[in-house]
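First up is the structure itself, then whatever we jot down about it.
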Amino acid sequence: MNDWEEYSAIEAAAAIPLSQQAMGVGNTSYLDGLNPAQLAAVETLDGPVLMLAGAGTGKTKALTTRIVHLLRTGRVRPNEILAVTFTNKAAREMKERVATHLGDAASGMRWMGTFHSLCVKILRRHAELVGLKSNFTILDTDDQIRLLKQLIRADNIDEKRWPARMLAGLIDHWKNRAWTPDQVSAGEDGFDGRGAKYYAQYQARLKTLNAADFGDLLLHVVTIFQNHPDVLEKYQHWFRYIMVDEYQDTNVAQYLGLRLLAQGHRNICCVGDDDQSIYGWRGAEVGNILRFEKDFDNATVIRLEQNYRSTPHILGAASGVIAGNADRLGKTLWTAREDGEKVRLINHRDGEEEARWMGDEIESYQRGTRGLDPYGLDSIAILVRASHQMRAFEDRFLTIGLPYRVIGGPRFYERMEIRDALAYFRVAVSADDALAFERIVNTPKRGIGEKAQQIINQVARNNDVSLFEGARIVARDGGISARARNALGALIEGFDRWRVALQDQDQSHVEVAQIILEESGYTDMWQKDKSPDAAGRLENLKELIKALEEFENLEGFLEHISLIMENDSQDDAQKVTIMTLHGAKGLEFPVVFLPGWEDGLFPSQRSMDESGQRGLEEERRLAYVGITRAEEICTISFTSSRRIFGQWQSAIPSRFVDEIPPKHVEILSAPGVYGGSIAQEPSAIEERVARADAYNSPGWKRMRARQEARTAKTRSAMKDVIDAKVVASFGLGDRVHHAKYGFGAVVGVEGDKLSIVFEGGGAKKVMASFITMADDVSS
DNA sequence: CGGCATTTATTTTTT
DNA sequence: ATAAATGCCG
């Protein structure tokens with residue numbers, strides 16, 4: 001169907017010829033301003049190159065300059081460079097930066113993009129080699145789950161024991177390692193053989209639907225390269241130079257594909273930082289970058305170690321932490337900058353207090369106190385380990401009216417209303433998109449419930465027609481309730497009408513899209529919805545319609561949208577950024593706050609439980625990423641107790657805190673933190689905690705030891721301990737905690753009852769067994 | 001079929 | 001604590 005020769009001809013024609021003059025051969029001014037390491041990375045063009053680029057060392061600059069250099073020296077045409085990134089954002093940025101040097105030539109770089117988009121491009125050309133048609137649809141995670149659910153249900157298996165999500169994760173895991181179903185069943189599966197079976201069924205089903213999921217995009221391309229040497233060879237010749245960004249994040253499938261492509265000329269340049277590999281949990285293999293020199297003989301390794309971002313103290317702190325990892329290629333970041341503030345460390349009573357303090361702190365930065373220039377809110381970020389930490393900050397900032405922006409969370413195209421709308425468009429464009437049809441057949445509610453849908457499914461299968469045509473038959477012949485039948489008939493009629501409208505030259509696809517959403521009753525559904533977020537959803541739908549304008553037709557839009565799951569709506573107002581550490585990779589801020597450095601939260605307990613030492617090392621890299629985001633001021637904080645899943649947990653400082661070299665740290669004491677409303681004078685405990693003013697001092701060590709011992713005790717048999725000597729353990733003035741009433745101070749002891757004045761207001765008599773010391777676990 | 005009650009599981013996230 | 005997902009009843 002897609003003859004290679006013809007294709008090559010098209011590609012060649014598309015290449016914008018670069019006349020020597022236009023390219024300015026001989027003019028190498030673009031090399032000015034590179035440091036020696038960057039220059040080496042730019043000028044070492046042939047053979048395998050590993051560019052180890054530490055945080056803030058000008059990686060993107062080196063990478064884009066290298067591309068400019070390749071093109072300017074005239075050794076390659078723009079479309080013969082394969083340049084791969086992980087995100088659309090990175091691809092766009094690179095393209096823009098090349099364009100500032102080369103103008104139009106950058107648009108000739110047709111093979112610069114994300115792994116996924118480039119694989120789609122290749123796969124559309126050779127789809128038949130893996131049993132697909134070139135117009136295959138790309139499933140998102142939602143579709144994937146629904147499909148798997150159907151398979152599990154069809155098997156009459158307990159859906160609880162076999163959650164579709166888990167199976168999806170498993171299949172994803174296999175695809176990340178480029179395992180096809182037969183390779184899985186041949187090996188181990190870990191799920192009594194069922195996983196492999198479902199995997200095979202799932203792949204078969206995808207083939208029938210002429211669809212591929214995200215993992216397939218990579219896997220299929222690797223399969224094609226492996227099974228069709230002739231095809232591989234053409235691409236090996238076509239891509240004369242290969243560049244890979246964020247190499248530490250590649251998974252096995254990506255690695256295999258790259259290695260196959262590079263086998264001939266070996267002109268592959270991988271850029272990355274093993275210390276910033278933080279996506280192991282989704283299939284990234286740090287091993288890929290660690291092994292580079294073994295994979296590619298005679299590789300040139302270039303280290304970018306001069307940091308242009310942070311102060312020496314921040315770099316020192318980060319280096320100290322990351323030094324705790326064993327599996328590293330090793331780099332030593334240095335900076336020409338001098339002085340700067342030490343990394344600041346502070347302890348708080350709980351998460352709310354932490355948020356309160358940071359809010360105040362940010363406001364003082366904003367005003368420019370302590371002799372510093374005022375910082376705009378845009379230059380301040382709070383980076384958390386887990387997104388549930390964000391809530392405390394949002395709450396606090398809302399009450400003090402501090403503008404903030406949360407990065408992350410559900411992306412625009414992942415929102416329910418957007419997916420629903422897209423499903424309508426998908427059915428309108430191609431009637432046999434069964435998954436899309438299933439999604440919207442009863443959205444808004446049309447009275448076409450599960451049972452009716454089953455009947456439609458059955459009729460479609462019996463007549464060997466698409467789901468949509470099956471629905472048409474059901475609507476005509478009946479078999480479901482009259483009400484449902486009418487609704488179904490109306491829906492089908494609607495789609496018939498909309499399809500005609502889409503063909504109509506006089507009607508723009510934007511208009512038709514709007515008509516679809518209105519006539520189907522979808523916008524109506526949200527207008528009638530009285531939930532608080534309905535208005536926002538309607539706004540989103542409007543935005544979606546607006547986005548359509550940039551495309552020729554609906555088809556073009558849908559093709560793009562499946563791969564671009566980003567929403568980068570910009571917002572000019574000055575706001576504090578709140579995001580996860582993962583989301584912050586690649587970004588930088590003058591002022592960075594790193595809250596929640598407590599063992600269990602960060603490093604995450606789960607990470608350590610599931611992946612042991614490897615998990616801990618990844619968490620440590622995350623700490624490294626966090627610290628190195630800061631340009632001037634980095635503040636780390638931890639709390640003494642935190643509410644997790646509604647339960648108060650006492651916390652000990654993260655082990656990473658101890659790993660920061662003391663000479664780079666300044667301990668802050670939080671003013672007013674311990675002066676609770678009741679305790680006019682701080683209790684002995686409070687005083688001791690407050691005075692733990694040097695974490696390398698004996699006081700600090702004592703506090704840690706105490707907390708550790710207490711936690712250990714709690715985890716074993718705290719309950720028994722409390723019951724046994726409950727009364728004896730409380731004295732007048734003790735700061736205590738009750739699960740329902742919160743914190744308070746003991747004002748009286750009578751037998752096994754304690755009189756307590758609670759901070760939340762009021763004195764109460766409570767059984768001692770319901771009380772714990774304030775910085776212990778309470779329940 | 002739809003609405004309300006109960007249950008259940010809660011890191012990180014791109015394509 | 002809380003949200004999402006499931007289960008039960010009208």
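Every residue gets a Cβ built from N, Cα and C, even glycine.
These figures come from a predicted structure and were not determined experimentally.
Here TrEMBL flags A:32-311 as domain 'UvrD-like helicase ATP-binding'.
The annotation ATP binding site is assigned in TrEMBL to A:ALA53, A:GLY54, A:ALA55, A:GLY56, A:THR57, A:GLY58, A:LYS59, A:THR60. For A:ALA55 (ATP binding site), the count of additional Cβ atoms within 10 Å of its Cβ stands at 25 [all protein chains shown].
The feature domain 'UvrD-like helicase C-terminal' is assigned by TrEMBL to A:312-586.
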Quick one: give me the count of other CB atoms within 10 A of the CB of A:THR57 (ATP binding site).
26
Neighbours of A:ALA53, A:GLY54, A:ALA55, A:GLY56, A:THR57, A:GLY58, A:LYS59, A:THR60 excl. site residues, C-beta within 8 Å of centre, ATP
A:ALA62, A:ASP273, A:LEU304, A:ASN307, A:TYR308, A:ARG309
For the domain 'UvrD-like helicase ATP-binding' (A:32-311), would you mind checking the mean pLDDT of the predicted model?
90
Conformational class of A:THR57 (ATP binding site) under the three-state DSSP mapping:
coil
Candidates A:GLY54, A:GLY56, A:GLY58, A:THR60 (binding-site residues); min other-Cβ count within 10 Å returns A:THR60
Cβ-Cβ distance under 8 Å to A:ALA53 (ATP binding site), same chain, at least six residues away
A:LYS59, A:ALA62, A:VAL271, A:GLY272, A:ASP273, A:LEU304
